[in-house]
Amino acid sequence: MVHGGSGKVAYYAAMDGLRTVAITMVLVEHFGGPLGSFWAAGYYGVDLFFVISGFLITAILIRTPESSFRECYVKFMGRRSLRIFPVYYFALLLLWAGNFPQARQNMLYLATYTWNYATVHLKGEDNYLFYLWSLAVEEQFYLVWPLIALTLRRNLVALFVVTLGIVVIGYSQLVLNLFPTLQPYNYVGLVNRMGSLGLGAAGAIAVSLRWFPRFWYQSLTFEIVVFAVLGWALTTDQAFRLPLLGLCSLVLVTKSMEGRFRVPGVAAVLKSPIAVYIGQISYGIYVYHWPLGVWLTWYVFDPIWTKIDFSMLGPLSILRWNAWIVKLPLFFAVTVFVAHLSHKYFERPILRLKDRWFPTRMSMDHRTRSRTLTPVRSDVSPEMLQ
């Protein structure tokens, strides 16, 4: 993230910890059986990703030191493309080569990031690529949002007002179903889901304007209330829980900047090395997890599981009808391992091209500091923030 008029880069480890929370909830939803269906784990995981993304991207856009609108937009889109596209299209290539019928039949929608409008017409468990709708929503949003943010970045109050409009439109459509013809797209449409992205963007602007009151960061009572509301919203089916989840996400995102949560243990968990690293590779985990889960289920897990004589396992025989207890940690571990390999050997070499092809003043300043000042953590660089 960037802050201050100089465009100085700051890295918040707790933000990556929040990404770990988000991806964990998505995997619990998809592989956790009744544990995932008990609460809105998958919904909140994606919602938290949206708020984090809107916050970080907007912070970068409004504080970028480049003066030219065209220069800002081209470099932003170029750097973001190098971060997002390689893993995504590599995964699509694997799906095609792996003879996944749904991927082959819908490759045009998947390749053009319009999958969110095609996937609603596919029903049943065979829709194993449904989860990619969220990546389509993000890309659609970020085709337009940088144009707005860069146009108004010199007038942050006006930009904040526009952002609030996006939040209101997004959540009102999602909660109230204002247009019946759009109801099939209520969960996956851009208009319906831009509320969370807009909320993150509004938070970044408010932080830049120093609008958040002191208690927002320092009050233990406020933090306890936020966690209580979050817990309630995750387990209720009330429609208005949706904006509440977004607001709770915004509080967590802004507090992760300080990294000093008042509830004991929260900051330590979010900033722990494993949480930070999983957060850093969470995009790869998200892209790979469901196809990996399908492949493992079809060709590894089910063939072995069906041959086990559970009557010989005593108390463990309950696993026969609760395979998720084994699937969840197994699939999580395999997905993290694959994402780790992808990050180390595929993504990071490509990310180094950002500063060669689309250098920004921030990235050049970062390289200068790395060469001339005290050592900088090698795993902290501007590309991690986009």
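From the backbone N, Cα and C atoms, a Cβ is placed for every residue, glycine too.
In the predicted model, residues of the domain 'Acyltransferase 3' (13-339) average a pLDDT of 91. As annotated by TrEMBL, domain 'Acyltransferase 3' applies to 13-339.
Annotation comment: TrEMBL describes 41-62 (among others) as transmembrane segment. When Cβ-Cβ distances below 8 Å are used as the criterion, the transmembrane segment (41-62) is approached by residues 1-3, 15, 18-19, 21-26, 28-30, 32, 35, 72, 76, 80, 134, 137-138, 142, 145-146, 149-150, 153, 156, 159, 163, 193, 196-201, 203-205, 207-208, 234, 242, 245-246, 249-250, 252-254, 282, 286, 385-386 of the same chain, each at least six residues removed from its ends.
Summarising the annotation, TrEMBL assigns transmembrane segment to 82-100 (among others). Tertiary neighbourhood of the transmembrane segment (82-100): same-chain residues 107, 110-111, 128-129, 135, 139, 283-284, 287-288, 291, 294-295, 342, 346-347, 350-351, 353-354, 357-358, 383, 386, selected by CB-CB distance under 8 Å and a gap of 6+ residues from either end.
Annotation comment: TrEMBL describes 128-149 (among others) as transmembrane segment.
Under the heading transmembrane segment, TrEMBL lists 156-179 (among others).
The transmembrane segment annotation in TrEMBL covers 185-208 (among others). Remote same-chain partners of the transmembrane segment (185-208), defined as residues 6 or more beyond its termini with a Cβ less than 8 Å from a stretch Cβ, comprise 3, 47, 50-59, 62-63, 116-117, 119-120, 133-134, 136-138, 140-141, 145, 149, 156, 159-160, 163-164, 166-171, 173-174, 177, 242-243, 246-247, 249-250, 253-254, 257.
As annotated by TrEMBL, transmembrane segment applies to 215-234 (among others).
Here TrEMBL flags 277-301 (among others) as transmembrane segment.
As annotated by TrEMBL, transmembrane segment applies to 321-342 (among others). Sequence-distant neighbours of the transmembrane segment (321-342) (same chain, 6+ residues past either end, Cβ-Cβ under 8 Å): 24, 27-28, 31-35, 87, 90, 278, 281-282, 284-285, 288-289, 292-293, 296-297, 301, 305.
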Candidates 128-149, 215-234, 277-301; stretch with most C-beta pairs under 8 Å toward the transmembrane segment (156-179)
128-149
